[in-house]
Ligand code: GUN
């Protein structure tokens, strides 16, 4: 079997076209959607991510600002920048790119963002509401993965879903979204014994570990949907994910490529969250 590719660029284009027209309608009413992105330090990957986020905002007709600070910015100063953006009526969404330098308490920073502007969905009130009810915002990457499953009309209800990776940004919220959609969910982490015994049971396999080639073809159930959230470099410096794409595409039913899979969807869902924040306002 050769897997069908779930193209994150194509799906993003469709969703972004709709976001763009909603943004135009809001702007016409005098309320252009606005996103503020904060980057502290000079992590090269983070620099690329924030540049892509700001560019996507501009392409959709949003107002967007990028605030860059040196790695030695104090926590107190960062909190006061967030407070200023919380009060700014032109800003509907605030995103602080992670990771932050070690001297800054990331949890404290995330909790300082007004929950109604927390377009990353990381604030404790949004994370809690994801578990118990309707959050204001769903974290962008797992939300994008759910949209990819929707795009292939995959019957998530009753499916066995296995999430490899248990981060606050992807793994844990991904598991909650799949559970809410009716899947039977297993979350694996770096201590999991015999990872393959779990992954081979997956109808839906979401891998978000940052470890190249962690999942090989023998660990995939024939016909499964394999969603690769990884973003790594191979020996030649080319972008690659967490799964052995070339071999797994001969086993899986569907697969997401890297690049061009989940990556663009993360940014797209940030735009969706920001437009929703602006519309609520
Ligand atoms: N670092 C890696 N992924 C993300 C994300 O989705 N949002 C933020 N703010 N930082 C990240």
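Heads up, the Cβ atoms here are built off N, Cα and C, so glycines get one too.
On the 0 to 100 pLDDT scale, the domain 'Tetrahydrofolate dehydrogenase/cyclohydrolase catalytic' (6-120) averages 98 in this prediction. The feature domain 'Tetrahydrofolate dehydrogenase/cyclohydrolase catalytic' is assigned by TrEMBL to 6-120.
Among the features that TrEMBL reports, domain 'Tetrahydrofolate dehydrogenase/cyclohydrolase NAD(P)-binding' is placed at 139-280.
What TrEMBL lists as NADP(+) binding site is 165, 166, 167. Here residue 166 (NADP(+) binding site) comes close to 172, 175, 187, 188, 189: these same-chain residues lie at least six apart in sequence, with C-beta atoms under 8 angstroms from its C-beta. Under the DSSP three-state reduction, residue 166 (NADP(+) binding site) is assigned to coil, being neither helix nor strand.
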Next item on the list: Determine which residues of this chain, when 165, 166, 167 are set aside, have a Cβ within 8 Å of the centroid of the NADP(+) site's Cβ atoms, and list them as they appear in the sequence.
Entry: 163, 164, 168, 169, 170, 171, 172, 187, 189, 208, 209
Check: When the domain 'Tetrahydrofolate dehydrogenase/cyclohydrolase NAD(P)-binding' (139-280) is classified with DSSP, how many of its residues are helical, how many are strand and how many are coil?
Finding: 53 helix, 26 strand, 63 coil
Check: Do any residues at least six apart in sequence from residue 167 (NADP(+) binding site), in the same chain, have a Cβ closer than 8 Å to its Cβ, and if so which, in order?
Finding: 208
